[in-house]
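Structure first, then comments.
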Amino acid sequence: MTNIEQDRWSRVKGRLRSSVGEDVYSSWFARMDLESVQPESVHLSVPTRFLKSWIQTHYSDRVLSCWQAEMPQVHRVDLTVRTAMRCAAPAKDAPAHAEPRRDDGRPAPELRATAIAPVSATHEALGGSPLDPRLTFGSFVIGRSNTLAHAAARQVAEGRRGDPVMFNPLYIHSGVGLGKTHLLQAVTWAGNSGTERKVLYLTAEKFMYGFVAALKSQTALAFKEALRGIDVLVIDDLQFLQGKTTQAEFCHTLNALIDAGRQVVIAADRPPSDLESLDERVRSRLAGGLVVEMASLGEDLRLGILKSRVTAARAHHASFDVPLPVLEYLARTITHNGRDLEGAINRLLAHSKLNAQPVTLEMAEREIRDLVRPQEPKRIKIEDIQRVVARQYNVSRSDLLSSRRTANVVRPRQVAMYLAKTLTLRSLPEIGRRFGGRDHTTVLHAVRKIEGLVAKDTALSDEVELLKRQLQE
């Protein structure tokens, strides 16, 4: 892809993000890539058939119009599914330290298992989603941003049948490329390493397809019984779970497994409270377990990932070397996720080998230019707003959610609602729901009230600006 095409693609993504909103964009378009640009057509790709079908059904016109705003001559946008790698299982006896350590959910392609062990019969019989043998605990890079998630996942994986279940469900959420899938597949591999427990890994897409297929073939009862007979259910990308009937079945399965003392592990790109498409009962059950956020990769962790990626590449390219100053430069400038870090090393490897040149800082600056993105605004959560406002006005968060009408509570509540409307993409009904189940008209009144006061009251205006700065830091 040329720099011109990359710039166009960045602008199109910006238009699309503005058009559909941050939440819809992160759910459906964050993993869409540009493959090629022709004079009158554009070729895009996504990783799954489900994403392709959903985007084509609901957003094809929107995507085309965003491209036509950039290139009026474009009349067609083609969307295809990127070829997925279906890997065999890892060697049971492979030592953990022999695997290069990664954190981005997609480790070095050069790594290969030295021996092949079969995937568990349960996983295959129930049509489990494909597992990558490189996504194990041994290849996971641990840093401050993921320590708790790793420790919780490890404890779940090391449990035995009949042990008390401590974290149920274990719910891990983070942005794209921060290691959620890596941890979930690591739990699956570790759980399947013996014959004692039945562990099943499914993407939300796979769960939907499996349930719909069972309904069509009139085998829904067998599908339900099989799922509820396993010991550990691992569900990835829960934000893609769609359809009332499917969600109801997922809720029943979740309740049945948890009530029976079986383990459930789930990953999504947002906390349970932000999964607005899910039924309130499901969100409540998910929030009742251990909810862990994997934060953005710190610079030290990014440097560790880069070093491990270089080590992995040397297994097949012994002369490949990246000087430490170059790695430090990459760690400082590529800040979004581990997949961009992997892409940077792949580019340096290709350039070095194809041109028979050593890797230099100048080469790195040139080759990764399009991976250095402007810093995106911090995503602010309503819970953060409530916490910061409560602290500022010396009230509790429960006061903000309560029905109390005393002056020392009403004003902070109105300020918090105003900030929720101005700093997030949440709708008025959603904001009202998050403030103790209030009506959207109550939120609208609060927003207009604070807007009017801020225009006249300098002290309140300064307070609101201070709160905004605290939330955006």
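Cβ from N, Cα, C; glycine included.
So that you can see what the record holds, here are the features copied from Swiss-Prot:
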BINDING   GLY177, GLY179, LYS180, THR181  ATP binding site
REGION    1-73  region 'Domain I, interacts with DnaA modulators'
REGION    73-129  region 'Domain II'
REGION    130-352  region 'Domain III, AAA+ region'
REGION    353-473  region 'Domain IV, binds dsDNA'
GLY179 (ATP binding site) has its Cβ surrounded, within 10 angstroms, by a count of other Cβ atoms equal to 32
With every protein chain in view, how many other Cβ atoms are within 10 Å of the Cβ of GLY177 (ATP binding site)?
-> 23
Taken over the region 'Domain II' (73-129), the model's mean pLDDT = 50
The region 'Domain I, interacts with DnaA modulators' (1-73) - residue tally per DSSP class, helix then strand then coil = 46 helix, 11 strand, 16 coil
Using a 10 Å radius on the Cβ of LYS180 (ATP binding site), the other Cβ atoms enclosed count 24
